[in-house]
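Positions annotated as transmembrane segment by TrEMBL: B:20-41, B:278-303, B:323-349, B:361-383. Here TrEMBL flags B:20-243 as domain 'MacB-like periplasmic core'. Sequence annotations record features per position, and here TrEMBL assigns domain 'ABC3 transporter permease C-terminal' to B:282-391.
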Amino acid sequence: MQPQPTTAPAPPAATATPPVIQLTGIEKVYQTSTIETVALSNVNLSINRGEFVSVMGPSGCGKSTLLSLMGLLDEPSGGTIAIDGRPVGSYSDKELAGLRNHKIGFVFQSYHLINDLSVRDNVELPLLYRPGIGGSERRRRALAALDKVGLTARTGHFPAQLSGGQRQRVAIARALVGEPEIILADEPTGNLDSVMGEEIMDLLLGLNRAQGTTLVMVTHDEQQALKTGRLVRFFDGRQVA
Amino acid sequence: MIRHIFTLMWNRRRANGLLVLEIFLAYVVLFAVGTIGSSLWENYRQPLGFRFDNVWQVNFLPGTQPKAEALGTLQQVLARLRATPGVLGVAVTASNTPFSFNDSRTAIDFADRPGGPKRPINNINSYAVGPELRDVMGLEVTKGRWFDQRDAVAGSHPPLVIDEQMQRAMFPTGESALGKLLTLNKDKQWRIIGVVRAYRTDGELKEPLPAIFGPIAPADTLFLPQSLLVRVAPGSGAALEKRLADDIRRIGPGWTSTIRTLDEMHSSQLKQVITRPLLLSVMSIFLLLNVALGLFGVLWLAISARRAELGVRRALGAPAGAIARLIVGETLALTTFGLVLGLLVAVQFPLLGALGERTSVYLTAIALAAGALYLLATICALYPSRLAAGIRPAVALREE
């Protein structure tokens with residue numbers, strides 16, 4: 001069953017609870033022996049539960065770095081990141097991995113599916129790193145996630161046998177399978193034609209509307225960004241809107 | 001996770017085909033080396049059955065002296081040597097002395113009950129020895145007795161001593177062989193009077209064979225033994241050796257003799273027996289090194305090629321430790337594929353009874369070779385797995 005396309009963005013959730021992601025005074029500097037590149041500077045951003053936020057800006061403005069920091073894939077050079085109100089700066093690698101596994105789902109522009117694994121095995125992947133879930137349960141949940149993105153007929157296929165849109169659907173199913181509260185999507189429609197891009201966008205909007213999943217999406221597409229609940233713009237590592 | 005790893009490696013089997021082939025070949029060579037090594041070890045663990053320290057072997061040739069005269073000369077030589085200070089005992093023996101590479105083999109068909117089916121017992125070491133051999137070589141009699149004065153009187157059945165392996169070959173159920181008759185060459189029957197632990201003159205690394213001992217009576221006028229085993233006092237050296245050689249030359253004009261210590265003969269025999277396995281081991285070490293470098297190189301390359309995949313896994317919640325375990329696991333899975341092929345070859349040997357080696361030796365070699373390959377694969381995977389675990393997911397994903 002596919003989620004129904006929506007035209008109106010979901011309303012932001014009430015802010016009585018702490019933001020699901022809060023960035024305070026975030027700095028990110030990439031340093032080599034000869035050059036220092038400031039990717040993000042003094043970023044303060046809160047993402048509330050159930051929000052669908054799009055992030056826009058020119059290439060190199062720090063959008064993907066922002067997503068990496070939100071997804072706990074990288075550490076900031078300064079400032080604090082809090083998930084559900086709890087700063088994660090002192091968390092160990094294992095604790096961060098646990099948070100990523102339980103709370104966050106990733107969707108990438110180039111899908112990042114593992115070509116040597118079938119569609120179903122790709123979707124099962126996040127559950128593999130979640131203790132206590134057996135093989136049959138993993139399979140059940142993977143099939144349920146594939147059902148949500150309308151790909152139950154392709155479970156035994158390999159990524160190379162799918163179109164770009166289908167691959168991105170698999171990637172979304174993989175992000176959904178662990179039932180995360182947050183999905184971080186880095187240009188999810190960037191490699192797709194407009195029709196497929198619309199399909200994927202409708203799918204993400206449906207997830208936000210139907211399940212209340214919090215979404216942060218990096219995009220270059222103004223039209224898609226306007227469909228989301230909030231638009232954040234970046235320029236030269238700074239939040240400008 | 002194990003299923004996931006095997007699925008992944010099975011799906012990548014074409015890409016890893018050559019490596020699997022190399023692991024298979026390495027397994028076969030390791031199995032061969034393991035079989036030889038295991039066989040040598042099994043042999044080594046068996047009791048040698050005698051003490052060879054302070055024992056000298058004297059070989060002599062009587063030259064043109066007629067046999068009847070030579071037998072008389074031998075008695076004089078024996079008397080002289082036994083009376084020499086520093087000599088503790090002298091035994092006459094046929095030339096199949098310890099570590100001499102000489103052997104005298106026989107085979108019999110034996111029925112362990114009257115009228116029962118006969119079983120072949122092959123490769124029996126047959127020794128003709130004087131009664132002094134027990135004391136000179138420190139043989140341990142475990143049942144019955146050794147040759148003594150009673151055997152000097154010719155009876156209907158000459159006496160025979162066997163070793164424990166012969167006892168087991170004759171009566172696998174454990175029945176005692178003492179008093180039983182054994183038909184040897186030309187239907188002559190021998191009565192078994194005693195059992196000794198062992199007398200492995202082929203050395204500790206050769207497969208133990210059953211042994212039988214027939215006596216050389218002092219008054220024997222038919223058989224001229226040409227070897228003596230002499231136990232000397234500890235610390236005896238060149239002076240005693242020269243004296244013994246001089247005495248033999250003086251008593252037996254025209255006789256030539258050589259004297260060697262069993263210690264020397266043992267070392268020399270050991271070198272010869274172990275040379276071939278050592279060469280094979282060196283070759284297998286080079287092959288293993290080759291496999292190790294192959295594995296290491298492939299893994300290193302794979303980590304570089306899979307940075308994005310590993311980054312995604314980290315993004316999906318894999319801790320660094322899980323990534324390290326994944327790489328080690330994949331390497332072990334590859335090893336398992338090669339090993340399964342190797343096992344298919346290796347198990348044929350015990351199943352078909354090829355090369356006549358013991359089943360326990362093959363099974364030990366199969367396990368040892370598998371263990372060595374898994375160990376090698378784990379060692380090769382450790383550093384690449386650390387590299388993989390250290391990949392920063394954000395960087396890996398950005399590079400892609």
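First residue shown is number 1, and so on along the chain.
Just so it is clear, glycine is given a Cβ too, placed from its N, Cα and C backbone atoms.
Remember, TrEMBL labels are computer predictions, not curated facts.
Annotation: stretch B:20-41 has the most Cβ pairs under 8 Å to the transmembrane segment (B:278-303), among B:20-41, B:323-349, B:361-383. Helix, strand and coil counts under DSSP for the domain 'ABC3 transporter permease C-terminal' (B:282-391) come to 99 helix, 0 strand, 11 coil. For the transmembrane segment (B:323-349), the residues of the chain that approach it from at least six positions outside its boundaries are 1-2, 5-6, 8-9, 13, 16, 19-24, 26-28, 31, 35, 295, 299, 303, 310, 313-314, 355, 357, 362, 365-366, 369-370, 373-374, 377-378, 380-382, 384-386, 388-389, 391, judged by C-beta separation under 8 angstroms.
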